[in-house]
Amino acid sequence: MPPLWIIRNRLFSQLYCGLKSPVSTQTKICLTMARPSSNMADFRKCFAKAKHIVVISGAGISAESGVPTFRGAGGYWRKWKAQDLATPQAFARNPSQVWEFYHYRREVVQSTEPNAGHLAIAECQARLHRQGRQVVVITQNIDELHRKAGTKNLLEIHGSLFKTRCTSCGVVAENYKSPICPALSGKGAPDPQTQDAGIPVEKLPRCEEAGCGGLLRPHVVWFGENLDPAILEEVDKELALCDLCLVVGTSSVVYPAAMFAPQVSARGVPVAEFNMETTPATERFRFHFQGPCGTTLPEALAPHETETVS
């Protein structure tokens, strides 16, 4: 039988955005710790001792590379919020519009590069691996910037902009074409005055498996869909092993990912939050470092004086 908290994660395995925590007020009080520290020297002591580090990343780290977050007052594509388009219902209703939205996102990401935060994580992972220590990255992002930075041990829990899934045969495939199909060339402009292209469904991305030709969809987790149970089990395993957790650029409001770090903290494991602002989970963590991840992470993850040179 799986551990109790993986069962609990499954209960919350539908993707929600902007919802208040389902944890009761009484439980919140029990989980709340003293005000988190911003003492980098103290964090570095924890970092030097850690053998199995888990990094949980969200949209904030990629925003520093110029990737739109689709959150807050400016979080619109044309007149739509991401929550309006990133659903199975929206795709069934208007696959052309949804593919325009994702084509725009693919094109934006293909023109961006990993920032100093991504690179610091990847370099730290490679360096500690040579020392027999582990760094695992669990990301909510679908932009593959961690992968582009060189991160190897990576769990992309919400999928990838650069993978497709056939709605007929179910095959998942990598796809880095630009544009992904000829009909989307020059489409997807985010301006509110732009009219939908109204691309016929037969001209949208199609499956290339022999004898199929089914309509493709982005291989991402949409609002209202379940996360892959196999990935959640991998996440559960890594969180159970970790002795230091970093929460990087995440708002801590999207479930089930918002539960991961507080659960680790409840076991007494040090958790450090790196973000531009505080979040609903900040008070549960031992450390909080405010500012751009590209500034705070390189200092936090730099080689410690106790590390062996390799």
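One-based numbering along the chain as shown.
Positions of Cβ are set from backbone N, Cα and C atoms, glycine also.
According to Swiss-Prot, the features are:
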{"type": "ACT_SITE", "residues": "His158", "note": "active site, proton acceptor"}
{"type": "BINDING", "residues": "58-77, 140-143, 249-251, 275-277, Cys293", "note": "NAD(+) binding site"}
{"type": "BINDING", "residues": "Tyr102, Arg105", "note": "substrate binding site"}
{"type": "BINDING", "residues": "Cys166, Cys169, Cys207, Cys212", "note": "Zn(2+) binding site"}
{"type": "DOMAIN", "residues": "37-307", "note": "domain 'Deacetylase sirtuin-type'"}
{"type": "TRANSIT", "residues": "1-36", "note": "transit peptide"}
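Under the DSSP three-state reduction, Gly249 (NAD(+) binding site) is assigned to coil, being neither helix nor strand.
Sequence-distant neighbours of Gly66 (NAD(+) binding site) (same chain, six or more apart, CB under 8 Å from its CB) are Val108, Thr112, listed in sequence order. The residues near the Zn(2+) site, meaning same-chain residues not in Cys166, Cys169, Cys207, Cys212 whose C-beta sits within 8 angstroms of the mean position of the site's C-beta atoms, are Thr167, Ser168, Gly170, Val171, Glu208, Glu209, Gly213, Gly214, Leu216, in sequence order.
Between Gly58 (NAD(+) binding site) and Tyr102 (substrate binding site), the C-alpha separation comes to 18 Å.
The shortest Cα-Cα distance from Phe70 (NAD(+) binding site) to any of the binding-site residues (Tyr102, Cys166, Cys212) is found for Tyr102.
Cα of Cys207 (Zn(2+) binding site) to Cα of Met276 (NAD(+) binding site): a span of 41 Å. With Gly249 (NAD(+) binding site) as the anchor, the candidate recorded positions are Tyr102, Arg105, His158, Cys212, and the one with the nearest CA is His158.
Comparing the Cα of Met276 (NAD(+) binding site) with the Cα of every entry in Tyr102, His158, Cys166, Cys169, Cys212, these being the recorded positions, the smallest distance points to His158. Cys166 (Zn(2+) binding site) and Tyr102 (substrate binding site) have their C-alpha atoms 15 Å apart, to the nearest angstrom. A gap of 15 Å separates the Cα atoms of Ser62 (NAD(+) binding site) and His158 (active site, proton acceptor). Cβ packing within 10 Å was compared across the binding-site residues Cys166, Cys169, Met276, and the lowest neighbour count falls to Cys169. Looking at Phe70, Tyr102, the binding-site residues in this record, the fewest other C-beta atoms within 10 angstroms of the C-beta turn up around Phe70. Distance from the CA of Gln140 (NAD(+) binding site) to the CA of Cys169 (Zn(2+) binding site) is 26 Å.
When Cα-Cα distances from the residue listed as 'active site, proton acceptor' are compared across the binding-site residues Tyr102, Arg105, Gln140, Cys212, the shortest belongs to Gln140.
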